[in-house]
């Protein structure tokens, strides 16, 4: 049966595209595929394209992620593996930072429990954002006709980009221990993340026939929702940390 390669649009009759080599069985994401294939594959295998994917997440994050979800997957790194590696690198960099984030905040009690939990369960904390962020974008951008699993994949890549922005603070602390300067770095990092959220969603959904003003408003709303969700999760985790982690 003739088909089209989703990566390069070449007409093909075989199991693999003769031009780019991608499997012709590439299909839309489903919940079954998300859990049974990509989760297992993401944890136990490494695909090619790590540096390419990282570069894309900083240059054209929304466009690149949309292309991956629509079938152009040969060059991209698996989203589960990418996120796990980035979290591992976060731990590695964190072991060298001379000043912790909790050291520069005024109300340390609001962060003490959260910091304790993230030391042990950083992966779970990062993954806990995924279903909520994905559901919010699924509802707000329903016109795109992306299914929930595709929003999950999209969110995984976005969080990977956000976590890499978080590298800025610990890296700066290796060379600077001035609390006032680090407070400015922290504010800059948070503003950068807000901009990244907006940029990611704007790029991703710009191909789904939203009017420009409508898309901008929706992107602002989703950023506000993400801030709210993140704040709720942080408060819950902080309380758990204060109660059960000593």
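Cβ coordinates are placed from backbone N, Cα and C, and glycine is handled just like the others.
Noted in TrEMBL for the protein shown:
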- 76-94: transmembrane segment (TRANSMEM)
- 121-141: transmembrane segment (TRANSMEM)
- 153-175: transmembrane segment (TRANSMEM)
- 181-203: transmembrane segment (TRANSMEM)
- 215-237: transmembrane segment (TRANSMEM)
Candidate ranges 121-141, 153-175, 181-203 - greatest C-beta contact count to the transmembrane segment (215-237) (under 8 angstroms): 121-141
Recorded stretch, among 121-141, 153-175, 181-203, maximising Cβ pairs under 8 Å relative to the transmembrane segment (76-94): 153-175
Spatial neighbours of the transmembrane segment (121-141) far in sequence, C-beta under 8 Å, 6+ residues away: 83-84, 87, 90-91, 148, 151-152, 154-156, 158-159, 163, 201, 205, 208, 218, 221-222, 225-226, 229-230, 233, 237
Positions whose Cβ lies under 8 angstroms from the transmembrane segment (153-175), at least six residues beyond its ends: 29, 34, 38, 54, 57-58, 61, 64-66, 68-69, 79-80, 82-83, 86-87, 89-90, 93-94, 96-99, 101, 126, 129-130, 133-134, 137, 146, 182, 185-186, 188-189, 192-193, 196-197, 200, 204
